[in-house]
Amino acid sequence: MQDFWTGTISIGTPPQNFTIDFDTGSSDLWVPSILCTVSSCTNKNKYNSVQSSTYRANGSPFLITYGDGSYAVGHFDNDTVTFGGVQAQNQVFAEATNESGFVNDIRDGLLGLAYPRISNGEAPVFYNISGGELIVGGIDAGKYQGSITYVNVSLQGYWEFKMDSISVGGQTFCTSNVNCSAIADTGTTLIVGPNAQVQALNTYLGGTYDQSSGYWTIPCMNRSTSYYPNVTFTISGQTFTLNVLQYVVVWGQTSAWTCGLVFINGSFTDLNGNPMWILGDYFLVRYYSIYNIQTNQVGFAKSISYTVLNSWYYDYTLFPNVTTPTTAASTIIGTIITSYFKNRKGKHVKQKP
């Protein structure tokens, strides 16, 4: 599973290319500056204003801090931004002269896809495109199955909406009346929720909280996957289900597997100060998502690869023991488990100013 949703954009004339994380949890575009010399900028593509004929000085200061403590500091510039065949001329973006938390990162920078309200006072890229139609990923019928369920954005800033409930069997852990707002965030890996609700959910699933690492585990050695129930998110009356193979991360040795739950305690709030859930990649790779800025709606449909993802770790009725697929999976997870559970809990939801 990829940690980021990345693509290539260009800035300037002639174009300077950057690998960008498309992030629905923030609203600013920033890339490293040629002036950035810290370790987080090492081996990154860097913007050089001197080499662009369409560069215009701006000079306003820029600072963004994300939920995991990473940040970027610098100043705003104006230049031509191009991606997907669409061009935004004289677009404001940030040139980061200092950044932290992005060492050995495949991304050069981030392009925020949320509403202007959480930007740093400058118009996001999508508000500076005149005419035409822009499709990022697009509504591609070949990528989902069934119908699309739409839900209205309840508070503009993040892509925030109200869920009907989160439930396991007959047990409900939040309802539309009690702290059941959520945002869909491509910049967050796990699924983050209010502390009390996550504690109740994970305890119900048989989880044990590890105080030192901050994550929950369940016993899974040679235990049938049918032992664990599905977790259901109900949105606009439609159910969106994750089975146990989709809500755990497995790592360790073949004689001592550990299963970590992807539901993580968090204390994130919306712009009104109310608790909210963050549906990160472990939800979004299973469900195709649409962000419609024109109708102010978020849409979800089951991904065409929904069932294929079940065998990302293994394709068995028991949790892993000695098999080639699980060995491969454990190798992958072993290298990234620290970043998943210690560094990626809330990335990249922008912190409120």
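Glycine is treated like the rest: Cβ placed from N, Cα and C.
Automatic prediction, not curation, is the source of TrEMBL annotations.
Under the three-state DSSP scheme, ASP23 (active site) falls in the strand class. Note on ASP23 (active site): other Cβ atoms within 10 Å of its Cβ, all shown chains, come to 27. Residues or ranges marked as active site in TrEMBL: ASP23 (among others).
All protein chains shown were included, and the count of other CB atoms within 10 Å of the CB of ASP185 (active site) stands at 31. Residues or ranges marked as active site by TrEMBL: ASP185 (among others).
Annotated disulfide bond per TrEMBL: CYS36-CYS41 (among others), in sequence order. Annotation note: CYS41 (disulfide bond) sits in a helical segment as assigned by DSSP. Other Cβ atoms within 10 Å of the Cβ of CYS41 (disulfide bond), summed over all protein chains shown, number 21.
TrEMBL lists CYS174-CYS180 (among others) with the feature disulfide bond. Note on CYS180 (disulfide bond): other Cβ atoms within 10 Å of its Cβ, all shown chains, come to 25.
Residues or ranges marked as domain 'Peptidase A1' by TrEMBL: 5-301.
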Listed disulfide-bonded residues (CYS36, CYS174), ranked by Cβ neighbours within 10 Å, top entry: CYS174
ASP23 (active site) and CYS41 (disulfide bond), distance between Cα atoms, whole Å: 19
Rounded Cα-Cα span from ASP185 (active site) to CYS174 (disulfide bond), Å: 19
Cα-to-Cα gap, CYS180 (disulfide bond) vs CYS36 (disulfide bond), nearest whole Å: 41
